[in-house]
Amino acid sequence: MSAVLDLVRDLIARPSVTPQDKDCQQMLAQRLARIGFQCETIARGGVTNLWARRGTQGPLVVFAGHTDVVPPGPREKWDSDPFVPTERDGYLYGRGASDMKSSIAAFVVAVEEFVAAHPQHEGSLAFLLTSDEEGPAIDGTVIVCDALQARGEKLDYCIVGEPTSTHELGDVCKNGRRGSLGGTLTVKGIQGHVAYPHLARNPVHQFAPALAELVGIEWDKGNEYFPPTTFQISNLNSGTGATNVVPAEAIVEFNCRFSTASTPESLKARVHEVLDRHGLEYDLEWDLGGEPFLTARGSLTDALSSAIQAETGLTPELSTTGGTSDGRFIAKICPQVIEFGPTNATIHKINERVALDCLDPLKNIYRRTLENLLLAH
């Protein structure tokens with residue numbers, strides 16, 4: 001059995017549904033300590049975080065990941081127990097197989113091999129692991145980044161083990177992510193009888209023209225790395241349930257996924273301008289889930305791309321699509337952040353799985369990336 005497969009099986013067998021860690025990090029810390037890592041647990045709010053570092057000199061290469069997984073859903077719909085790693089038809093099945101316990105296992109083994117071959121390597125290595133990536137993400141990576149910044153630890157490169165590959169290992173890596181700006185809008189009206197609309201003020205009718213304008217706006221044109229910003233209504237609720245009552249208010253929840261071509265302030269200003277111009281009486285609460293980040297082509301993208309090409313023969317696409325990740329926190333303290341891992345077709349789904357024949361190549365890509373970054377210095 002490969003060392004990566006052995007480790008990922010151990011991790012899957014620990015039912016670490018967010019924010020639980022189920023001693024995944026403790027097991028990994030003990031393993032890393034044997035090859036010279038200094039390990040530190042940072043816990044808050046029921047969340048466990050691990051910062052493990054080997055070396056004190058720069059450059060510092062960090063692997064970031066999460067030991068928590070999403071709930072399995074109805075277990076009876078799985079073909080095998082989601083927390084009993086099962087090999088079948090060339091795949092390893094289990095919750096977290098792709099997202100992202102295989103990446104963690106591959107990087108740990110890659111580091112073990114790298115240190116064994118190059119015990120006096122220049123620079124430093126580190127792991128940043130959390131059990132709060134799939135949850136609210138308020139006691140996880142963000143507080144570790146705050147602690148590192150407060151004590152002046154300088155990160156140079158970070159690889160986040162998110163499952164970025166689309167069709168086969170190595171076809172896509174993420175060199176950035178869009179930002180997320182949510183809003184909860186309450187449009188105020190006057191409740192009344194539908195037969196006497198002149199004695200009421202219907203907030204749905206009032207908001208409809210503004211809604212049509214908002215969904216038709218071209219917020220920006222995107223840029224070389226990002227698609228244009230999008231605006232989507234996710235929920236729209238109004239009324240009492242009765243068919244003869246004009247509602248007193250309409251509550252609208254929306255989200256903007258935005259690129260570096262826009263800022264949260266510019267998006268907020270445009271929304272308020274539309275609402276004000278339509279004469280609406282409203283309250284609007286904003287929630288900035290994360291700002292966009294981007295790592296332009298450079299030493300980290302080149303190191304990873306070269307490693308992928310050497311191992312798979314593929315030239316990876318650099319992409320910024322998809323949802324948010326913990327990379328948004330790390331990018332504030334690390335100038336170069338990239339995400340790379342196995343295929344993502346089954347993440348969060350029933351029968352989540354990872355191809356068995358990608359585990360060792362994934363480990364090799366991570367190891368080659370370390371060699372490209374640290375042995376050239």
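Glycine too: its Cβ is placed from the backbone N, Cα and C atoms.
Residues annotated as Zn(2+) 1 binding site in Swiss-Prot: H66, D99, E162. A 10 Å cutoff on Cβ-Cβ distances gives E162 (Zn(2+) 1 binding site) a total of 29 other Cβ atoms nearby, all chains included.
Reduced to three states, the DSSP call for D68 (active site) is coil. Neighbour count (other Cβ atoms within 10 Å of the Cβ, all protein chains): 25 for D68 (active site). Per Swiss-Prot, the feature active site maps to D68.
Residues or ranges marked as Zn(2+) 2 binding site in Swiss-Prot (evidence: sequence analysis): D99, E134, H348. Around the Cβ of H348 (Zn(2+) 2 binding site), the same chain contributes V70, D99, each under 8 angstroms and 6 or more positions distant in sequence.
Long-range Cβ neighbours of E133 (active site, proton acceptor) (same chain, at least 6 residues apart, Cβ-Cβ under 8 Å): T18, H66, D68, G140, T141, S325, D326. The active site, proton acceptor annotation in Swiss-Prot covers E133 and is backed by sequence analysis.
Remark: E134 (Zn(2+) 2 binding site) has T18, H66, D68, V69, V70 as non-local neighbours, by Cβ distance under 8 Å and separation of at least 6 in sequence. Secondary structure at E133 (active site, proton acceptor), as computed by DSSP, is coil. Highlighted in sequence order, V69, V70, G96, M100, I347 have their Cβ within 8 Å of the centre of the Cβ atoms of D99, E134, H348, the residues recorded for Zn(2+) 2, and are not part of that set.
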